[in-house]
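As recorded in TrEMBL, the features of this protein are as follows:
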type	residues	note
DOMAIN	9-129	domain 'Urocanase N-terminal'
DOMAIN	133-341	domain 'Urocanase Rossmann-like'
BINDING	169-171, GLU189, ARG194, 235-236, 256-260, 266-267, GLY485	NAD(+) binding site
DOMAIN	344-538	domain 'Urocanase C-terminal'
Amino acid sequence: MSREDFKVHGGNELRCKGWRQEALLRLMENVLAVGEDPDNLIVYAALGRAARDWPSHNAIVHALRNLEEDQTLLVQSGKPIGVLRTHAAAPLVIMANCNMVGQWAKAENFYQWEKDNLICWGGLTAGDWQYIGSQGVIQGTYEIFSRIAERHFNNDLRGRFILTAGLGGMGGAQPLAGAMAGAAILTVEINPERIEKRMQIGFLQKRADTLDEALAMIREAQDRREPISVGLLGNASEIFPEILARGITPDIVTDQTSAHDLVYGYIPAGYTLEEVAELRKTDITKLMDVSRASIVHHVTAMVGFQDKGSVVFDNGNLIRTHAKQGGVERAFEIPVFTEAFLRPLFARAIGPFRWIALSNDPDDIRKIDDFLLRRFADNRIVANWVRLARENVPFEGLPARIAWLGHGERTELALEVNRMVRDGELSGPIAFTRDHLDAGAMTHPNIMTENMRDGSDAIADWPLLNAMLTCSSSADLVAIHSGGGGYSGYMTSAGVTVVADGTAQADDRLNLSLTNDTASGVLRYADAGYEEALDEVKKKGIARIDTGAHA
Ligand code: NAD
């Protein structure tokens, strides 16, 4: 298939038996349209797939087109396995993607079972069709840079130097987010095509072929206190130590190579892309060893930058974990972004909420932006972001918007949008969803739940409860995911999607699902003893049962 085959369908013509089913079909098409390698059903993060294989994809399309209101489609790791009668208030689709039993949840088993066509990894928002392109991660990254600016740089990143790596599906957002925050950002990337792609879509301004050239561009922009984004072709495992050795100390250092996956993600130093592709076929064990060894150099340099005074953080790619396994004892002195910068927000269930215009009409999103800017004028995080995003973030695939909203706020927005759909103010229905990296929805002891106050980092009951709760609350799609590839055994998370089609039933579904989704997040953090969550419980009247276990 060619790129052209991955078009997003817009307008009001239905191919399914109702808007809810049509919405889910369009969302699946959308993750492929904006994905990294749609021919292989890959959306992002090296192996995150929209469906197990093409026969599964086609069977899902067929099932969605024929699905009745009172039926539920079951999807197991990207493969549809049946359509069963439920009832009109039940989810249309439920999914379990890549969940392996504890002792067996290892990368090596995953690769074997993937080959045997027993499993596939859905990433977070890939397998359950919630990905909206780079906007989500642009916003998340921008939010992190803003928090760092607040805490360390007097709220001003102009003239500051950010060093990072990886220009893939998620990492490709870094240059834009860094420049939007006002900084000079250098991103090291080993694959020239990735650099070209980010330049073409306007996320990256400049390309450099040598470190000297890149550093000169950064220095000049710093002197002028102007934002710039530079992509440097090279291997971060070699470039980071070289910058450190030259005595240059960036203000902020992170990394978003796909270091979580030692086989299909990270590219070890000294190997070409072709040599890595060959090793993937012939010697996975060797590839894992050389990738880990390369990560050791990469993270040793990051620790070195931290010693020199850079603000260094792990951006959710397990790079510290692999470095530690490779012998970098101090790897975990680098904090993870969630604990370091975002936890107070998550404790109030403020997180990455998003909505998608199923009509494919960008004006729908702009009209919702207008409402948000009026209603949340005093909310700095929301209003600042929406204004910036309008100016700087191009729509990809179906027009969509993300904003960090919390308990009650999400429901309020969704009900207003459902009214706008009902009254014909928008040209079509809107789908609401969120990242799995959300208060009640993820256990990941090296990303989301590292150093939880009560020590509950690895307890995966929370996302399971969240998924069962949104199922019982009539969401349209609910998914339970666990890690695959290098994330195998590291995480469990839950996804939810609800469609505002303008009906009274949608009011009920949105109200129940979105309110209960964030309530479960507040309860999770309240249980762990976070004051912000306990305050939210009180302020919003969430019916928490306190047994005193963590009083
Ligand atoms: P991707 O596979 O699409 O892209 C990774 C990029 O890194 C590729 O372009 C690759 O060429 C490049 N790369 C690999 N090794 C390199 C090296 N040694 N030096 C320089 N470049 C190298 O992955 P993605 O979707 O961009 O995700 C990147 C990572 O971020 C993944 O581990 C993903 O799971 C993680 N992630 C974290 C969050 C979060 O929680 N903040 C969100 C999304 C993704």
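Cβ coordinates are placed from backbone N, Cα and C, and glycine is handled just like the others.
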- Task: Summarise the domain 'Urocanase N-terminal' (9-129) by DSSP state, stating how many residues are helix, strand and coil.
- Result: 43 helix, 24 strand, 54 coil
- Query: Among the binding-site residues GLY169, GLY171, GLY485, whose Cβ has the fewest other Cβ atoms within 10 Å?
  - Reply: GLY485
- Task: Tally every other Cβ atom lying within 10 Å of the Cβ atom of ARG194 (NAD(+) binding site).
- Result: 21
- ALA259 (NAD(+) binding site), Cβ-centred 10 Å count of other Cβ atoms over all protein chains shown, is 30
- To which of the binding-site residues ALA236, THR257, TYR266 does the lowest count of other Cβ atoms within 10 Å belong? THR257
